[in-house]
Amino acid sequence: MANRSEEAEYDNSSRRNQQDKRKEGILDLVLKRPLRWLRMLIEELHWSFFFGVIIVYGVSQGLGKGLSKVSTQYYLKDEQMVQPSQAQIYVGLIQIPWIIKPVWGLLTDVVPVLGYRRRPYFIFAGVLAMISMMVLWLHTNLHLTLALSCLVAASAGIAIADVTIDACVTQCSISHPTLAADMQSLCGMSSSIGSLVGFSLSGVLVQLFGSKGVYGLLGSTAGLVVVVGMVLKESPSRSLGRKHVNEKFLDAGSAIWKTFQYGEVWRPCLFMLLSAAVSLHIHEGMFYWYTDAKDGPSFSKEAVGSILSFGAIGSLVGILLYQNFLKNFPFRNVVFWALSLSVLSGFLDLILVLRINLKLGVPDYFFIVVDEFVSHMISRIKWLPLLVLSSKLCPAGMEGTFFALLMSIEHVGHLLSSWGGGVLLHALKVTRTQFDNLWLVIVIRSLLRLIPIALVFLIPNVDSNSTILPAEMLINRRSESDIATEKIEMTALISDEA
């Protein structure tokens, strides 16, 4: 009996030790290891760089995107009293500063201000966005033209800060090549967490403070970008003469023109432009139906914000799926199947608008959450191979500027998509109170998604391990001193999905 008791006590002790080790392992994975990683980045780089990444990616872009999207939707609908078709046009207009992102990048690279290339642009971007948000917050009965000007200016401030922090990340990647992947992970993590928090809080904050009150909060986040410009560690750089600046612009233009003459480059660029342009956005029409339609779900502001947060989660799942299972497949195959699923997912909105989901016993909120999750997951899977492909189309010596140009082509497509969606909503007379033809808008939008499938042959049938450009385009022929200067003056300008 004593031996059995000792054996039982020994088994219990071993079980407790295993449980303690398991808990310690989970704690190390969830808390201790990330904290060690963050501490390592701060020590190796500089706390001001780390602070800048968190503020620009996590707060200004991530949190700001979540808060501004919902507040702008309600601001245009309730304060400016615009129609869904008009709101769709205006949302596209607000994104124009992102189309000219390469211009901002070239300015920060070759036009220093008071001897600095980064700090003044952070300060200017923060002040521009902060003033714009404060005007929207404090001004009553603001005219629509002035309101749109403020929204565009705020978007420009965020875009300039984005370009500038991209340049800082690239410079640190050059000086600390072993930490390049860690820095990209930090940027992505900051943006993703910020977006989740922003979308989750957006509806509640709009309900408590109103859409204009949220703009006041966004003004304070823009103020943090100004702080980044004040504290960022940056060594003064010499100003380039006007002749040198002109040479840089001419060299960039010549290299861009030469690169676009290759079919391996212009064909996928044409695909990105056309596929984005014909995939019409009707988000504002659906938003008005969610909130104002008599036979619609009549969602509250909190519900709208929580629905969008599930879209952000879907995007993260799409990233994980591509990274772990799809990245080694040919670009053309992944895009083809993602586009095919996108056509099918588009008809989920039709089921919702025709109220078929209620006949099947599926509640509106649950159905829309699934729709938002699935559509964003598919969109991310479709976008990532094009993003990787874009990085392989950049000639040596000007990778950053050319990559930003490719992302601008994508933004042009999204702008045309937003405006095309607005025209379609207007043509079929979808208004603030009239949604009879919204189902037809959804059908046309979904069928138009078949067009990119027919154009998928424009994408090279290669995978991420292949080389696309000819060998001469991948060899930098300039002197080593020119290369060193270029690394500073033409830094990479990494873009996110609109």
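Cβ coordinates come from backbone N, Cα and C, glycine included.
As recorded in TrEMBL:
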TRANSMEM  45-67  transmembrane segment
TRANSMEM  87-107  transmembrane segment
TRANSMEM  119-138  transmembrane segment
TRANSMEM  144-165  transmembrane segment
TRANSMEM  186-208  transmembrane segment
TRANSMEM  214-232  transmembrane segment
TRANSMEM  265-283  transmembrane segment
TRANSMEM  303-322  transmembrane segment
TRANSMEM  334-356  transmembrane segment
TRANSMEM  402-425  transmembrane segment
TRANSMEM  437-459  transmembrane segment
- If we call contact 3 or more Cβ pairs under 8 Å (sequence gap 6 or more), are the transmembrane segment (303-322) and the transmembrane segment (119-138) touching? no
- Task: Among 119-138, 144-165, 186-208, 402-425, point out the range having the most Cβ pairs under 8 angstroms from the transmembrane segment (87-107).
- Result: 402-425
- Message: Could you check whether the transmembrane segment (144-165) and the transmembrane segment (437-459) come into contact, where contact means at least 3 Cβ pairs under 8 Å with the two residues of each pair 6 or more apart in sequence?
- Response: no
- Lying 6 or more residues past either end of the transmembrane segment (186-208) yet within Cβ distance under 8 Å of it, the residues of that chain are 41, 50, 53-54, 57-59, 61-67, 69-71, 74, 169, 214, 217, 300-306, 308-309, 311-313, 315-316, 319, 494, 496
- Is it true that the transmembrane segment (334-356) and the transmembrane segment (45-67) have 3 or more Cβ pairs under 8 Å, skipping pairs fewer than 6 apart in sequence? no
- Take a look at 45-67, 265-283, 402-425 and tell me which one has the most Cβ pairs under 8 Å to the transmembrane segment (437-459). 265-283
